[in-house]
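Copied over from TrEMBL:
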BINDING   Arg41, Ser49, Lys166, Gly167, Arg168, Pro169, His170  3'-phosphoadenylyl sulfate binding site
DISULFID  Cys149-Cys161  disulfide bond
DOMAIN    30-186  domain 'Sulfotransferase'
Amino acid sequence: MPRTLDGQITMEKTPSYFVTKEAPRRVFAMSRQTKLIVVVRDPVTRAVSDYTQTLSKNPGLPTFQNLVFKNSSRGLIDTSWSAVRIGIYAKHLENWLQFFPLSRLLFVSGERLVTDPAGEMGRVQDFLGLKRVITDKHFYFNQTKGFPCLKKPEGSSRPRCLGKSKGRPHPHIPPEVLLRLRDFYRPFNLKFYQMTGQDFGWD
């Protein structure tokens, strides 16, 4: 990490930190004062999105339902599949709470980041001790992508939107498969709500 001077904040983004077992110990060893921001979304939607991204790179991938079940007749979910395992947020949070108090973590709702980006960014700015400078006026909703985009900054010719890999249509997954997956995640979600003191409404 680069040196940080007084009045500066150094930020780094890596999706795998939250779910990597060794990461909390390493981050703690680097700096106990680190603040952690974790964007979470409905784990069922997250798993389908993860699969969609992998499918775009590997069109020969088995179907979602073939990968999500260990044994489809018994309906056992395969937690060794990373698309499923990543969404067990309570398990990953337990790992982080061994090193950091909850007050050093902010959980940002991926759903509210889409429906109310300025509100979620307000929470981020407050958490980091920053003046609220990013507001509603900085966003517009891109109908094509289905996501909010940042309006073009001064001196730039175009607005900033999420990349091509975001907002692509998901393949059709049988509703009964999604229902089984939702049932699987429910107790983990409830535990995560209790641990964070936040109800993300993933039902």
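A Cβ is built for glycine as well, from the same backbone N, Cα and C atoms used for every other residue.
Long-range neighbours of His170 (3'-phosphoadenylyl sulfate binding site) (same chain, six or more residues apart, CB within less than 8 Å of its CB): Val48, Ser49, Thr52.
Taking only the Cα positions, the spacing between Cys149 (disulfide bond) and Arg168 (3'-phosphoadenylyl sulfate binding site) is 15 angstrom. Taken together, the residues in the domain 'Sulfotransferase' (30-186) have a mean pLDDT of 90 on the 0 to 100 scale. Listed in sequence order, Asn142, Lys145, Phe147, Cys149, Leu150 are the same-chain residues at least 6 apart in sequence whose CB falls under 8 Å from the CB of Cys161 (disulfide bond).
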